[in-house]
Amino acid sequence: MSAKIIDGKTIAQQVRNEVAAVVQQRLAAGKRAPGLAVVLVGENPASQIYVASKRKACEEVGFVSRSYDLPMATSEAELLALIDSLNEDTEIDGILIQLPLPNGIDNVKVLERIHPDKDVDGFHPYNVGRLCQRAPKLRACTPRGIMTLLERYDIPTYGLNAVVVGASNIVGRPMSLELLLAGCTTTVTHRFTKNLRHHIENADLLVVAVGKPGFIPGEWIKPGAIVIDVGINRLESGKVVGDVAFDVAAERAGWITPVPGGVGPMTVATLIQNTLQACEEYHDISQN
């Protein structure tokens, strides 16, 4: 295996330790701990696992963690009313609504109801627009986490041909904006892209987020490329794999993220970072 491993687990722990140290400094200075409200509607098992990891991370760094586990029958109006009250709550710096929401609740309306300065997921049109305008505030967690990995490993991005596979609002689209901001020539591919292989073979930096195990054959990877695999797919055997065929890709790439232990841990660590940022940049002024 020639590729160097980008260890997201280690970097995520570094980020958490840094945030925990700032929380301790805040408390020593007589300031309050940052607060995160996590809202889960219904009982989706995958969502319950994600929510538990976010709450645990909050407690580890010394945040105030508030949990709102709402029944599946919760109406859109009830959820919007909860968001309104959390927007006004001076102990809460971040509001996280775990997606997907049940049928009958409008995702867009719900995410837009969160005040932009408490939008620690970075999904609000205001925050996406700030990134578009090259003046980011709160940034989407997974793309920001990927940029943190590249920075911590001193991997330069200026002038690289970057290819993003997948154009979701959560990863692909904000990722393309992050890469533009980082000086890359950026291509976004999606289900209508013709000759996907051609784009990937020319990618100096490849970010794949489609949710299909082994979707990108290792043979397509450009020798020496940086491969960021966002996919987390559980096979019937129980094994967790990414969207890139890892073994062959790792023989060709210069750098690669493993699955698990690559991008995944960074998403939660960045949520924690964003919550601290929201507290210090937006809410300290009015609080202290």
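The backbone N, Cα and C atoms fix where each Cβ goes, glycine too.
The annotation NADP(+) binding site is assigned in Swiss-Prot to G166, A167, S168, I232 on the grounds of sequence analysis.
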Practice problem: Give the maximum pairwise CA distance in Å, whole number, for the residues G166, A167, S168, I232 listed as binding NADP(+). | Solution: 16
Quiz item: With every protein chain in view, how many other Cβ atoms are within 10 Å of the Cβ of S168 (NADP(+) binding site)?
Solution: 16
Practice problem: Have a look around A167 (NADP(+) binding site) and count the other CB atoms within 10 A of its CB, chains all included. | Solution: 18
Quiz prompt | G166 (NADP(+) binding site), number of other Cβ atoms within 10 Å | solution = 23
Exercise. Count the Cβ atoms, other than its own, that fall within 10 Å of the Cβ of I232 (NADP(+) binding site), considering every protein chain shown.
Key: 19
